[in-house]
Amino acid sequence: MGIYIEYNTDKKFDFNYEDVIRSVIIEAIDYVKCPYKAELNVTITDNEEIHEINKQYRDVDSATDVLSFPGLNYVEPGDFKSIKKFLEENHEDYFNPETDELMLGDIVVSIEKVYEQADKYGHSPLRELAFLVAHSMMHLFGYDHMTEPEAKEMEGKQEDVLARLDITRDKDIKMITKVTKEDEALIKEAKKAMKFSYSPYSKFPVGAALLTEDGKIFTGANIENASYGATNCAERTAIFKAVSTGEKKFVKIAVVSKKGAAYPCGICRQVMSEFMNENAICLVEVDKEIKRYSLGDLLAFSFKL
């Protein structure tokens, strides 16, 4: 799945906005049971730019919180079965020719409105961003709020998506801690990779699975050597494999082992920081429980040139 996030403002979030956006989008797509691999674009901007976009495309001369530009027309909101034949007959118009992913559309969010409305409604900015993305996703699925019944239905679906991620109004949260379906899938691939570990000296097999920005997964296992310095960790194996094929943008990595927690070593954290920003997610299995960390948490002061 390709989720492309563009940041067009100098103003900054004080939480892991990329993880929030990805998690809500993936949960929303699963919620409506979209049968296709999909992609969409999300732009984070400020009031000034979203005002211009709003005026240009909707003839509304004011800033707004979020704008949605659906790529599909539905017979019934969220019903992909009713447009299946149409999509098959017009495949080249609705699927990316390079990835064969369904192009759902575009979302534009004002960071200033996120903070303004979080303060107004008395909940966290994270919750407000999650709500706006969930709201916009429903628009991309054909839902609207022009009438009271439509608004009630759409609001219910938005809240369902947020509830799945344990994002509620009464929680002042700074990051998503609930394991997502994407997390579970990545952990599964890491466990498969662990079977190929070469660890005759430590007897500590490790597997890793790396997720690229456009949805590809690369896996790796630790490879030990009698000369200790020549040993390669699972994380670096996966990263080097991906980079050697031309991939350089990664959003998430999962690391697992049979014998306790396999937290990335210092060298691996530095290598990760070369190709992943501080918002990238690292999943570590600890006592059969998946822990989520941002790369910024694992390596607060990475070395950059």
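Here, residue 1 is simply the first one shown, and the rest follow in order.
Keep in mind that glycine also has a Cβ here, set from the backbone N, Cα and C atoms.
TrEMBL labels come from automatic prediction, so no person has curated them.
The Zn(2+) binding site feature in TrEMBL is assigned to H135, H139, H145, C233, C265, C268. Annotation note: H139 (Zn(2+) binding site) sits in a helical segment as assigned by DSSP.
The residues of the domain 'CMP/dCMP-type deaminase' (181-305), classed with DSSP into helix (H, G, I), strand (E, B) and coil, number 41 helix, 35 strand, 49 coil. The domain 'CMP/dCMP-type deaminase' annotation in TrEMBL covers 181-305.
What TrEMBL lists as substrate binding site is N222, I223, E224, N225, A226, S227, Y228.
E235 (active site, proton donor) is surrounded by 28 other CB atoms, counting those within 10 A of its CB over all protein chains shown. The annotation active site, proton donor is assigned in TrEMBL to E235.
Neighbour counts were taken at the CB atom with a 10 A radius for the binding-site residues N222, S227; the maximum falls on N222. Take the binding-site residues H135, H139, H145: by the count of other Cβ atoms within 10 Å of each Cβ, the lowest one is H145. Each residue in the domain 'CMP/dCMP-type deaminase' (181-305) has a pLDDT score, and their mean in this model is 92. In this structure, the CA atom of N225 (substrate binding site) is 11 Å away from the CA atom of C233 (Zn(2+) binding site). Ranked by CA distance from N222 (substrate binding site), the recorded positions H135, H145, C233, E235, C268 have C233 at the top as the closest.
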